[in-house]
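A.B. asks: Pasting a structure here, questions to come.
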Amino acid sequence: MELIFLSGIKRSGKDTTADYINSNFKSIKYQLAYPIKDALAIAWERKHAENPDVFTELKYEYFEGIGYDRETPLNLNKLDVIELMEETLIYLQRQYLPINGVNILSSLEGGYSYLDIKPYEALREAINNINDTWSIRRLMQALGTDVVVNLFDRMYWVKLFALNYMDYIGSDFDYYVVTDTRQVHEMETARAMGATVIHVVRSGTESTDKHITEAGLPIEEGDLVITNDGSLEELYSKIEKILR
């Protein structure tokens, strides 16, 4: 089973490439961002139940970008976001994998869970330093990078990938495709594991999003490049030439 890591900025055709591989090859598709979206969706649902006036209804699939523009502004202040992020960290800690430096306490009455003072203060400072308009996309960036990677465990999302990948070693799939490589340490892991690295590039798609996860990754010797400068059929043909 060949391990493939895809990289590309928004509107480069990276997601289209991933979908084509998943539909036309015997492959597993893995999103590094899936646990981020899952945790935010579940945390939002819980906060909506507590305070529907602030955390208005957002369907689970909206966090996947299905039927919703994830850059739509949300009417949240920084305290709202801190509360939401605390809920996501508790969910990740219990449902996925413990996060280094994140300690969770429970109240004696009612079993209410909350972050210990040290991780809470780190979270509060990080969110208070963000002055962007909040949206689902910005919440994803905040949780994935500004909070988990920068504050607690740089390799957390990579560890979750590795656990999933190990489950498929020895399977009869031909490809295991990581579809959303956005950070240097993720790509360094890919190369260390002997993965095939494919960059999908398209002229005229420079990102206006200044967050580090939307900056794009450098192309290094040995990487493959798909230049998406034509029709869908031409893109599919280029994918076929690489994988067949």
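Positions of Cβ are set from backbone N, Cα and C atoms, glycine also.
Since we're looking at a predicted model, the values are computed, not measured.
For Lys10, Ile36, Lys37, Arg70, Arg137, Gly144, Thr145, Val149, Trp157, Asp180, Arg182, Gln183, Glu186, Thr213, the entry in Swiss-Prot reads dGMP binding site, with the evidence type similarity to another entry. The feature ATP binding site is assigned by Swiss-Prot to Arg11, Gly13, Asp15, Thr16.
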A.B. asks: Rounded to the nearest angstrom, how far is the Cα of Asp15 (ATP binding site) from the Cα of Trp157 (dGMP binding site)?
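C.D. replies: For Trp157 (dGMP binding site) versus Asp15 (ATP binding site), the Cα atoms are 19 Å apart.
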A.B. asks: Ranked by the number of other Cβ atoms within 10 Å of their own Cβ, which of the binding-site residues Asp15, Glu186 ranks first?
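C.D. replies: Result for the most crowded candidate: Glu186.
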A.B. asks: Within 10 Å of the Cβ of Arg137 (dGMP binding site), how many other Cβ atoms can be counted across all chains shown?
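C.D. replies: Total other Cβ atoms inside 10 Å, all chains included: 20.
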A.B. asks: What count of other C-beta atoms do you get within 10 angstroms of the C-beta of Lys37 (dGMP binding site), across all chains shown?
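C.D. replies: The Cβ of Lys37 (dGMP binding site) has 22 Cβ neighbours within 10 Å.
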A.B. asks: How would DSSP class Arg182 (dGMP binding site) in three states?
C.D. replies: coil
A.B. asks: Starting from the ATP site formed by Arg11, Gly13, Asp15, Thr16, give every other residue of that chain whose CB sits within 8 Å of the mean position of their CB atoms, in sequence order.
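C.D. replies: Other same-chain residues with Cβ inside the cutoff are Gly8, Ser12, Lys14, Thr17, Val200, Arg202, Asn228.
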A.B. asks: Under DSSP, is Lys10 (dGMP binding site) helix, strand or coil?
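C.D. replies: Its secondary structure by DSSP: coil.
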A.B. asks: Just to verify a number: CA distance, Lys10 (dGMP binding site) to Thr16 (ATP binding site), in angstrom, no decimals.
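C.D. replies: The Cα atom of Lys10 (dGMP binding site) is 11 Å away from the Cα atom of Thr16 (ATP binding site).
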A.B. asks: Between Arg182 (dGMP binding site) and Asp15 (ATP binding site), what is the CA-CA distance rounded to a whole number of Å?
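C.D. replies: Cα-Cα, rounded: 13 Å.
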A.B. asks: Given the binding-site residues Lys37, Arg137, Thr145, Glu186, which one's Cα is the least distant from that of Arg11 (ATP binding site)?
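C.D. replies: Going through Lys37, Arg137, Thr145, Glu186 one by one, the Cα closest to that of Arg11 (ATP binding site) is Arg137.
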A.B. asks: Within 10 Å of its Cβ, which one of these binding-site residues (Gly13, Trp157, Arg182) has the largest number of other Cβ atoms?
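C.D. replies: It comes out as Trp157.
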A.B. asks: For Thr16 (ATP binding site), which residues of its chain lie six or more apart in sequence with Cβ-Cβ distance below 8 Å?
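C.D. replies: Correct list: Asn228, Leu232, Leu235.
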A.B. asks: Could you tell me the C-alpha distance between Glu186 (dGMP binding site) and Gly13 (ATP binding site) in angstrom, no decimals?
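C.D. replies: For Glu186 (dGMP binding site) versus Gly13 (ATP binding site), the Cα atoms are 20 Å apart.
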A.B. asks: Considering Cα atoms only, can you say which of Lys37, Arg137, Thr145 is the nearest neighbour of Gly13 (ATP binding site) among these binding-site residues?
C.D. replies: Arg137
